[in-house]
Amino acid sequence: ILNLHLTRCIRCPVAYHANDNCIPAGSVTLTDSNIVCPNHFTPRKGCRNHEHVNVSWCFVCSEGGSLLCCESCPAAFHRECLNIDMPEGSWYCNDCRAGKKLHYKEVVWVKVGRYRWWPAEVSNPNDIPENILRMRHDVGEFPVLFFGSNDYLWTYQARVFPYMEGDANSKEKMGKGVDSTYKKALEEAAVRFKELQAEKELRQLQEDRLNDKKPPPYKHIKVNKPIGKVLIISADLSEIPRCNCKAADENPCGMDSECINRMLLYECHPQVCPAGERCQNQCFTKRQYCQVEIFRTLSRGWGLRCVHDIKKGGFVNEYVGEVIDEEECRTRIKHAQENNIGNFYMLTLDKDRIIDAGPKGNEARFMNHSCQPNCETQKWTVNGDTRVGLFALTDIPAGTELTFNYNLECLGNGKTVCKCGASNCSGFLGVRPKNNPSSDDKGRKLKKKSQMKRKSQQEVIKEREDECFSCGDGGQVVSCKRPGCPKVYHADCLNLTKRPAGRWECPWHQCDLCGQEAASFCEMCPSSYCVEHRDGMLFISKLDGRLSCSEHDPCGPEPLEPDIYSFLTILSLRVSGGFSCSLQHT
């Protein structure tokens, strides 16, 4: 429970609660109310372990290359990953600028001499052996206990960075080759990290319950609110599609009906639908939300759970908030980074608009991420405009927490750790969930293991293509970030002066003529078109039966049949919306 007694540094204005959870590691305690904080560390000349060292990979993308290094801790970043201009003079990462320090009982990576980064735990000087305590150390240094070898060392912040969940599997960062001691250290670090996280989460939950804390304040709204130049589209009644359902049907426009509007993710309009008042495809307009409640989770802050059973495919809630453009989105993210705000509620509506449910929204903003979610986002057309709904992926019993996959991509100091607890959890938000093979699949893999080793060439399923989709050549390429899209391009082929940062989508997903969401695509080049502009632009190739534009059909054009258009429309409109938290939204 929080101790409100403060202890102050005698050399600078900082103060901390007088307990091990708040006082930074490396502080020297003078009295119950006075310390010397680690900001006053002075490296000793000639001491190799007092030299500042940075990692050789980017904390955002984990790749090497030309890096921008923090001058206070080991953090390093690509300038492109942070989307900032090259700074002049000294540069410090966000955590160091915010004054973030290490604390006792934290698992960290430590650099000693020429050894690889090694996992260790920051120890309290009161809990270490007497001979270790007598070793020479200065203000700002703290003892660490190395996993695997159980050795102690006095070190400081410039040679240490925090351990994150999933780091034990990131062996490409820690060097090639894993001996038995290092392997043991990785295993011990992973176990200890989970223990400390559980203690921290339980302590936080007890504190919140004791203080009867409420969710962070926000203004509840029922519909999207446009900000600035952003417009909410409203269609004329003559433009709204009319389905073939009848009022006499058993469940007109219902989940089990053959309503063409529902199939194409169009909501029926009450003045247009032939089913009239019996229409069951007006969930957004009538706000037919499931009954939910906000609750405090053990490890992931506030969450949302259902009060009653929800059937598979059922409409749970609409994701509403302020609708902003990309310029306003950049401004808000910059403000959040400068003020050390870590929670984002932004969801891409289309290529020009983003929903931000941070300041204003409804209960849907409290839904947590999961790598194995029970809900999904779907983009529906309601009265001519795009709106985002949350729908059940499976039958959900009452009292179950509601989750969906954020498809998050963040820019900042490192990846965001995923705490969903799913069996296929990737470890980080934005990283594709792991595949969970069945026991039969595992058995078949074991039988074929020896045979696969003998093969000189193995068939590899590639997540990304190797050649530019525009010119067909290889080299330095940029990849599309839309889930499932394997396309890559040269920046020059896209007329880009620099590599795009964040959640960037390739031109294959926007209409060449109007820039709206594409419904049909050429399979041989980035040409793509929306429903309104695809007539006469795409054809079925007589050579191989693939969909192509006129430039790639050597046998002459053959117009698409209406049934094929409908099929392509259904496929394209069934793409779920996703969360994004980057400076480059899609």
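Using the three backbone atoms N, Cα and C, a Cβ is placed for every residue, glycine included.
TrEMBL: automatically predicted annotations, no manual curation.
Annotation source TrEMBL lists compositional bias 'Basic residues' at 444-455.
With helix defined as DSSP H, G or I and strand as E or B, the domain 'PHD-type' (55-99) counts 8 helix, 4 strand, 33 coil. As annotated by TrEMBL, domain 'PHD-type' applies to 55-99.
As annotated by TrEMBL, domain 'PWWP' applies to 104-166. Taken together, the residues of the domain 'PWWP' (104-166) have an average pLDDT of 91.
Annotated domain 'AWS' per TrEMBL: 238-288, in sequence order.
Look at TrEMBL and you will find 290-407 tagged as domain 'SET'.
Annotated domain 'Post-SET' per TrEMBL: 414-430, in sequence order.
The region 'Disordered' feature in TrEMBL is assigned to 436-456.
Helix, strand and coil counts from DSSP across the domain 'AWS' (238-288) read 13 helix, 1 strand, 37 coil.
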